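Undergrad: TrEMBL lists these features:
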type	residues	note
REPEAT	8-46	repeat 'HEAT'
REPEAT	339-377	repeat 'HEAT'
REPEAT	378-416	repeat 'HEAT'
REPEAT	417-455	repeat 'HEAT'
REPEAT	456-494	repeat 'HEAT'
REPEAT	495-533	repeat 'HEAT'
REPEAT	534-572	repeat 'HEAT'
REPEAT	573-611	repeat 'HEAT'
REPEAT	612-650	repeat 'HEAT'
REPEAT	651-683	repeat 'HEAT'
Amino acid sequence: MVDEPLYPIAILIDELKNDDIQLRLNSIRRLSTIARALGEDRTRKELIPFLSENNDDDDEVLLAMAEELGSFIPHVGGVEHAHVLLPPLETLCTVEETVVRDKAVESLCKIGSQMKERDVVDWFIPLVKPAGIDCITGVSCDIRGFFSMLFGCVNRYLSLSGGFSLLRPAEIVFFKARLLVRSNEEKTHKSSGECIFGAYIGFATEGILSTYLSFNDVARSSHDVEEERLGAGEWFTARVSACGLFHIAYPSAPDLLRAELRSVYNQLCHDDMPMVRRSAGLNLGKFAATVEPANLKSDIMTFFKDLTQDDQDSVRLLSVEGCAALGKLLEPADCITNILPVIVSFSQDKSWRVRYMVANQLYELCEAVGPEPTRTELVPAYVRLLRDNEAEVRIAAAGKVTKFCGIISAQSAIQHILPCVKDLSTDSSQHVRAALASVIMGMAPLLGKEATIDQLLPIFLELLKDEFPDVRLNIISKLDQVNKVIGIDLLSQSLLPAIVELAGDKHWRVRLAIIEYIPLLASQLGVDFFDDKLGTLCMQWLGDKVYSIREAAANNLKRLAEEFGPEWAMQHIIPQVLEMINNPHYLYRMTVLSAISMLAPVVGAEVTCQTMLPVVINAAKDRVPNIKFNVAKMLQSMIPIVDSTVVDQTIRPCLMELNEDPDVDVRFFANQALLACEQVMCA
């Protein structure tokens, strides 16, 4: 790939600081281009720090930045330097706008999953846990933060004492130690630690910082000087973001750190802010998938139970998703003991939003707990949800009825679920009926032919007559699923009268759905039955008031001609289509031309030349320019179909006449068609 010129790159860099938000946004979206121009070293040392410092921007710009940085590892020198991308993303994780934080967390996870295990421990894990200062044992140690803290204290001392003129040898040792800390080698860390304590002793001995730097003051000052990390952020947004990072940090952590990470997550699950607890509940499943089985049963399940008993319904409803995730991780016996009671309790929760979430997730839990607990516990819970007082809960439950019936036995579905389905088909809420209609056809293969005929067909007919168009539309679009079970004969006898009635429905989308279903129905009914029952309807749709219906009707005729053959089309379709060319309204004449152009490739050259081409040539004399330029386009589409002599003797003269028309659009399309004629003649 050729690099872009340097001048445009300079403009992009300059636009990063422009007052115009659109220019900044454009530049942020081209960060990869800027990084390639700067090179890996300058990107790490200049571009990334610049982005870290300039994070007080419009949310749209910050969102684009968070997205770009997620794929920035190649531009900073590979995974060895991936940690330099963490600071700007960490800052973005603390902004107020939710979408920015979510994208920043997503990018952090993307980067963390590619980092080496040691780098995850050194750089990624400190994002989600508070930094310690135990430099002697090395446990929870952040030497860099300690140096930054101590250096800040020295600066405060110098500002009080009058500057660098009072520096002692011990202070010089301190600054040398601060330089050494930049290295990642363990021995350098060790020597830095020795130097820093030597410096501290030197200061204390000379009495320079006796007031400011007692060891307890150091510990307290670390919170003042060093910024809080995400897991212990002062503002709730940081802690919300931290919850989404634990599943990346945990697998690479040593045992001591893993215990601390679980402890931090426990604190987040009990945070004072409901938003943090919601995030902890939402991400608990992903975190649990990385935890050892022993700790899963002890710690994680404790977190889960506490979240399910939260007084905020917004926290409890997100815990429902954790039920499904944890159910897949636990053994069936543990799932029955720990998860099943929670789900049953949630199905009767006082908050309808919690019950709504249960209705959405219940079928997934059936697989985790096994058939017997499903029959005894979850089926009654699902029946309660289907009969819930809140329409939103019934909508969610009705939309999952086919999936739920696919898990339980057919007999259980007929005994417990079908009575509820019958009630829902006449529900007072049109949205409940629409949700049921969108899935009920899928129950036919599950229940079998006999149950479908006896119990489902009456429900189908009831829904086909529903006053709400979306209900009728949802039933029509899934008729093929019933056809596979009961056969076309029974389907035509029971449902065809309703289908014919819906062909003239006042809502055009319902008519459109019927048209799209006609070719499938025709192929199953056979040509004789189609001519007798549906042939007239197909021609009527060509004269519909809605353009989408007329266009679909023309395409429908093409599909029918492909199904029944050119001879059938010549006998039953083409004569009736050609008669409509004399319609007084030009829009209907255009529909006829569209139908002819679609039928011509199907019926072949002979039928096209004998019956349809003369009609098209005659339409070239129409008084409406729209008709004439559509004729030019049609003639161009017919050139590959007919013989070259027909092109030269019939099509070309007509196009020459249209090429002299006073309307500019007619001349344009006629000229395009003439060029196609010339190519054919040359060939």
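Cβ atoms here come from the backbone N, Cα and C positions, even for glycine.
Fair warning: this is a prediction, and the values are worked out from it, not measured in the lab.
For each listed feature, how buried is it and what is near it?
TA: Listed as Cβ neighbours of the repeat 'HEAT' (8-46) (distance under 8 Å, sequence separation of 6 or more from its ends, same chain) are residues 54, 57-58, 60-61, 64-65, 68-69, 71-72, 75-77, 81, 84.
Outside the repeat 'HEAT' (339-377), and at least 6 residues removed from its termini, the chain residues within Cβ reach (under 8 Å) are 304-305, 308, 313-314, 316-321, 323-324, 326-328, 330, 332, 384-385, 388-390, 392-393, 396-397, 400, 403-404, 406-409, 412.
Taking H, G and I as helix, E and B as strand and the rest as coil, DSSP gives the repeat 'HEAT' (378-416) the counts 32 helix, 0 strand, 7 coil.
Residues 379, 382-383, 386-387, 391, 394-396, 398-406, 408, 410, 462-463, 466-468, 470-472, 474-475, 478-479, 481-482, 484-486, 490 of the same chain sit 6 or more residues outside the repeat 'HEAT' (417-455) yet have a Cβ under 8 Å from a Cβ within it.
Residues of the repeat 'HEAT' (456-494) grouped by DSSP class, helix first, strand second and coil last, total 32 helix, 0 strand, 7 coil.
Same-chain residues lying 6+ beyond the ends of the repeat 'HEAT' (495-533) with a Cβ under 8 Å from its Cβ atoms: 457, 460-461, 464-465, 469, 472-473, 476-477, 479-480, 482-483, 488, 540-541, 544, 546, 548-549, 552-553, 556, 559-560, 563-564, 568, 572.
If one looks beyond the repeat 'HEAT' (534-572) by at least 6 residues along the same chain, the residues whose Cβ comes under 8 Å of a Cβ in the stretch are 500, 503, 508, 511-512, 515-516, 518-519, 521-523, 525, 527, 580, 583, 587-588, 591-592, 594-595, 598-599, 602-604, 607, 611.
For the repeat 'HEAT' (573-611), the model's pLDDT averages out at 87.
With DSSP states grouped into helix (H, G, I), strand (E, B) and coil, the repeat 'HEAT' (612-650) comes out at 29 helix, 0 strand, 10 coil.
Sequence-remote contacts of a segment are chain residues at least 6 beyond its ends whose Cβ falls under 8 Å from one of its Cβ atoms, and for the repeat 'HEAT' (651-683) they are 613, 617, 620, 625, 628-629, 631-633, 635-636, 638-640, 642, 644.
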Undergrad: Could you tell me what the rest of the chain brings near the repeat 'HEAT' (612-650), counting residues at least six beyond its ends with Cβ under 8 Å?
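TA: Distant Cβ neighbours of the repeat 'HEAT' (612-650) are 574, 578, 581, 586, 589-590, 593-594, 596-597, 599-601, 603-605, 657-658, 661, 663, 665-666, 668-670, 672-673, 676-677, 680-681.
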